[in-house]
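K.L.:
Features from TrEMBL:
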type	residues	note
COILED	427-458	coiled coil
DOMAIN	479-706	domain 'Histidine kinase'
TRANSMEM	211-230	transmembrane segment
TRANSMEM	242-264	transmembrane segment
TRANSMEM	276-294	transmembrane segment
TRANSMEM	306-325	transmembrane segment
TRANSMEM	331-352	transmembrane segment
TRANSMEM	359-380	transmembrane segment
TRANSMEM	400-417	transmembrane segment
Amino acid sequence: MSRKFIKIFIIFFIGSLLLSACTYSDISTTDTPKAVDGILDLTDWDWKENGVVNLNGQWEFYWQELFTPGDFKETTPIKERDLIILPRAWNKLLIDEEELTGEGYGTYRLRIYHPDDEILGIKIPRIFTSYNLWVNGELIASAGKVSNDNQQTIPQYLPQVKYIHPETDVIELVVQVANYRHRSGGILESIQMGSASEITEVRTRNLALELFLFGSLFIIGFYHLVLFLFRTKDRTTLYFGIYSIIIGLRTLLVGEIYFIHLFPNFNWEIAHKIQTLAYYLSVPLVLLFLRAAFPYDVSRKVNTFIQIIASSFGLLVLLMPVKVFTPFNPLYQFFSLMVFAYVLYIIMTTCYRKREGAYLIGIGLTTLVLTAINDILFLSTLLSDTNNHFLRSIITRGNLSSWGLLIFVFTQSLVVAKKFSKSFSSVELLSEQLKHANLNLEEKVKERTRALETSKNELKKAYEAVSRSEKSLQCLMQNISHDLRTPLSAIKGYVNAILDGVVNEPQSQNKYLKRVIGKTDHLNHMVQELLDLSQLQSQQLKLEFTEIPVKTLIENLSEKYELDMLNEKVQFKVYYPNKWINDANNIEALSVRVDIDKLERVFSNLLTNALKYTSDKDKVQISFDMTRDQKNLLVNVSDTGVGISQEDLPHIFDRFYMVSKARQANSSGLGLAIVKEIVKYHGGKVWAESELGKGSDFFFTLPIHS
Ligand code: ADP
């Protein structure tokens, strides 16, 4: 809130400074006495109190005569005089019923009755286009060369201030003017008279303001051109820069025409061309600027049309002498007024459409356009070729557009500053977002990489598993065919021996037949195992669970296997915690839900393995305990046999996996896979711990059912 207030205050402050600078009007007043019949009566005029007088009104005018003050000394009139109401061009003046053109020469005369004897200042504006000025018979100022001959006349614009000390009551002003180069001839702006100090002040103030304007516009112009060089995408700065420089230059060529003091011998034609070109080019530049600022609002066709017209007029100025192109000036002035009307229309549409910066640019451009219209009217033939046009009281100065431009410069700078600060803010915001996005992105990349890594590992594992099982399958086929073929060929051998009569004796025959039965049992066992496993794995097998106290289970198993193992070469023992014996109630309260047949299968597989991979004097034992969380019965079948390498250990529960070194004739690689499936069916887990040469421990759990 307070920021906004400060902003508005600063804008208001600078704006009002500029406004007060440009509304600062001349000291001269418009309701000063006017000359009548070639005489200006200032007897009641107080120079100090009433200020500067514009020497306007009826002057004596002698067309096609170049009189000097001496010629007026005669008592009889030298020629019948005419009267002309200044300021105006002599164009279109009726003399001897003939309308004058701008070309020609003449003499002006004015007598002034003035109050007292004082040093006075005369401020002479630019006069079209050469003059000599006498005061009380003394030639005090001239510009260019006055002559009745076209070739001899040299044009020059030279506004100047001169001081006089009239000792008589009447001041006589005689001005010779000649023009062959401009469309308009004569005294188009007011000659001013006042106390020396005030006239000096008017001149100094005008010069100071114009130089200030020139400097400001030039610097602003260059600044915008440099801005454009840094950012060629935005064309508004280019057009605005050129515009400011052009108008800055023009400021030096109009008004007090300071330029002529810098280059006194500068060619009048060229200076005039530069000044006119500055005006001609400024009109299409405004349009170009507007189009760059509001591309969607300014019609392309209108813009092209304006550029073509303006360029043609520009070429005319460049290629033709001043006398030729100045008659076209009214046309171009009319054209400019049309363009300005269009500009005002565009300003209204952009404000209505709420385009960015429309209000600021609108305020600046409207001021510029209005001041430019003022200047155009001031210099127009409408005013310069007529007596006392009512607009003369409104339009008193011809170089307001530079001030208008200064206001426009101010508003445009605000737009640029606003644009910059907006861009800075959005850059800040974007970089903040980018930073955030980068962090997020990094995090996401890391996350994805991790996920990819995991799935890669999983794929690798799966691939390994697939290739392993494929290998196992191959192995199994080989093993099965081998394992089937060996007993089958043995059976065939035994039966052939009997049939061929090699074995004749009934006793021997009996022995052979028993061997045949043994082999078929083994075959049967293998086929059964395969069948069981495939059923288990495809979940087709229905288990018959019965709840059985842990104590009973242990007793039954111990009894059964202790008996079975009696005949084996190894030492066998069943262990369970001492407290189970001492606290029979405790153990009796625990039970498991098992399919007893399948569970026996687990034990027999594990024990068969233990026996297979042990030798004499090794120990095999079964231990029962509870898992640490007391939720499962933990069974451990251990032996002190050959053990399993760390390499093989993770795979021994896989289907068909066999450690080749340990391969035995009655191995199928299915035993542990069946164990795993059965334990899984019971809701338990199975694992093994082993070291090569140090025996193996097989563990499995059974959930306690309480
Ligand atoms: P197999 O019918 O070949 O014994 P298993 O699935 O029962 O098939 O066992 C897989 C492999 O695990 C066996 O080839 C063997 O090398 C190893 N193995 C199983 N039990 C033991 C053990 N108690 N001691 C050493 N190796 C064992």
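Glycine is no exception: its Cβ is also placed from the backbone N, Cα and C atoms.
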K.L.:
Which range out of 276-294, 306-325, 331-352, 359-380, 400-417 gives the transmembrane segment (211-230) the most CB pairs under 8 Å?
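P.N.:
So the stretch in question is 400-417.
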K.L.:
Same-chain Cβ contacts of the transmembrane segment (242-264) under 8 Å, 6 or more residues past its ends?
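P.N.:
Counting only partners 6 or more residues beyond its ends, the transmembrane segment (242-264) has Cβ contacts under 8 Å with 126, 156-159, 203, 206-207, 210-211, 213-218, 220-222, 224-225, 271, 274-275, 278-279, 281-282, 285-286, 289, 398-399, 401-402, 405, 409.
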K.L.:
Let me check one thing: do the transmembrane segment (359-380) and the transmembrane segment (306-325) come into contact, meaning three or more Cβ pairs under 8 Å with sequence separation of at least 6?
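P.N.:
Output no: the transmembrane segment (359-380) is apart from the transmembrane segment (306-325).
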K.L.:
Quickly jot the same-chain residues contacting the coiled coil (427-458) by Cβ under 8 Å, restricted to those at least six beyond its ends, or write none.
P.N.:
none
K.L.:
Is the transmembrane segment (276-294) packed against any residues at least 6 beyond its ends, judged by a Cβ distance under 8 Å, and which are they?
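P.N.:
Apart from its flanks, the transmembrane segment (276-294) reaches 234-236, 238-240, 242-243, 246-247, 249-250, 253, 300, 302-303, 306-307, 310-311, 313-314, 317-318, 322, 325-326, 329, 332, 335-336, 339, 342-343, 346, 350, 355, 357-358, 361, 365, 368-369, 372.
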K.L.:
What mean pLDDT does the predicted model reach across the domain 'Histidine kinase' (479-706)?
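P.N.:
Average per-residue pLDDT within the domain 'Histidine kinase' (479-706): 84.
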